[in-house]
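Since the structure comes first, as structure tokens, the remarks are kept for the end.
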Amino acid sequence: MKIMMASSKSLLVSLLFLSFLFLFTTFASAEPCANHRFDEGKTFASCTDLPSLNFSLHWNYRSSSHTVDIAIRHGGVDKEKPPSTWMAWAINPYSKGMVGSQSLVAFRRDDGTMAAYTSPITSYGTQLQQGNLSFPVNGLSSVVNENEMIIFATLTLPENTTTVNHLWQEGPLVGNVPGIHRLSGPNVGSMGTLDFLSGKIVLDKPSSSRNKGKIVHGVLCTFGWGFLIPIGALVARYGKQYLGQGPAWFYIHIACQCIGYLLGLVGGIIGILLWKGVFGGGSIHGIGSHQYIGIVLLCLGVIQVIVGFFFRPQKEDKKRIYFNVFHYLIGYGSIGLSIANVFLGFKLVHLKVGAWPQLTYIVAISFLVCIAAILEGVGCWKRIKASKTPMEKENQLVAA
């Protein structure tokens, strides 16, 4: 009995000790930024530990001048090791998300000196080039202490602006050039809203409807523009040779082109809705190469359909040759732009889908290219054979 009581007391003491230890570590880690002392002697009235990537943000907000002094700390940087990481913190005055954000970037160069500069982000393919921001930035500098990198700056915010969309990011350093950050895990969700007055931070969660919209947009455009329309072009090119002079090849060609265009049209509309932020995640400020090419493709598709159905001359018409040249140029140009835009779309995908969609499309397009090469070779051989005179054919038979 005494042994059981002693064991119970020991267990109770252990539980109490663990409880106090848990509470201590919880409160100690709740606001570690509040206990931080800057070697540079700077002090900040407010701070918060950002929820990912080991970032902390300190600031002094002055409502009278609409300015905010900030310090962004990024831990996990070893001063004694060669530089391998860049850090960035940004405000997006236009919407939530990466494109349109106005960033502060810092990294340690190979020679040990610090680089700190501003970089406006206009596309997902940015290399964080230096440039002016849409609001004034003063006193920009950066330092590396024992285990962290810090950016200091003073921002002048628009009047009556206290809540901002902000982002924070890290990535690999290639030489003295920032490389692309990871496209999965905490690197994708490192954004939210920040209230400089209350210190409240709301972390943006990925929108499931936006992700589904991206998938539907990609599937429709890839299958419609990037696969069916090239098949329709192959049918138009080789249909007469292998399907006869009847109308079968023409109907197959029209079916592939119309279905492909309709799928691409629906996919393009979904893409515009994604760009406008209808599916969540905010709208995208500015237009990148992917959007430009998509708009051009929609316009070319409309022109091709209208001209093909309503302005197609008869075979005997002398103007038919001009129509054919125009039709070929628009058609093959659209195919080239479609394939290029499909790969640009794969590059922009931020979902955890891996490389298999792009590899699948490469295999499919390679298969079509091989078929086209075979059909072209067989067609050339048939034309050469048909062009021989009866005397040449007779001599060939005698020689055999």
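Glycine residues also receive a Cβ, built from the backbone N, Cα and C atoms like all the rest.
TrEMBL does not curate its annotations; it predicts them automatically.
Positions annotated as signal peptide by TrEMBL: 1-30.
If you look up TrEMBL, you'll see 53-171 marked as domain 'DOMON'.
Residues or ranges marked as domain 'Cytochrome b561' in TrEMBL: 177-385.
Feature annotation from TrEMBL assigns transmembrane segment to 215-236 (among others). Outside the transmembrane segment (215-236) by six or more residues, the chain places 249, 252-257, 259-268, 270-271, 274, 294, 297, 331-332, 334-335, 338-339, 341-342, 345-346, 349, 351, 357, 361, 364-365, 368, 371-372, 375 with a CB less than 8 A from a CB of the stretch.
In the three-state DSSP assignment, the secondary structure recorded for HIS253 (heme b binding site) is helix. Residues or ranges marked as heme b binding site by TrEMBL: HIS217, HIS253, HIS290, HIS327.
Within its own chain, the transmembrane segment (248-272) has Cβ neighbours under 8 Å at 213, 216-221, 223-225, 227-229, 231-232, 235-236, 239-240, 291, 294, 297-298, 301, 304-305, 338, counting only residues six or more beyond its boundaries. Residues annotated as transmembrane segment in TrEMBL: 248-272 (among others).
Summarising the annotation, TrEMBL assigns transmembrane segment to 292-311 (among others). Listed by sequence, the residues of this chain that lie at least six past the ends of the transmembrane segment (292-311) yet keep a Cβ under 8 A from its Cβ atoms are 221, 225, 257-258, 261, 264-265, 268, 271, 323, 326-327, 330-331, 333-334, 337-338, 340-341, 344.
Among the features that TrEMBL reports, transmembrane segment is placed at 323-346 (among others).
According to TrEMBL, the feature transmembrane segment maps to 358-381 (among others).
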Handout entry: For the domain 'DOMON' (53-171), mean pLDDT (0 to 100)
Key = 89
Practice task
Would you work out the biggest C-alpha to C-alpha distance among HIS217, HIS253, HIS290, HIS327, the residues that bind heme b according to the record, and give it in angstrom as a whole number?
Solution key: 27
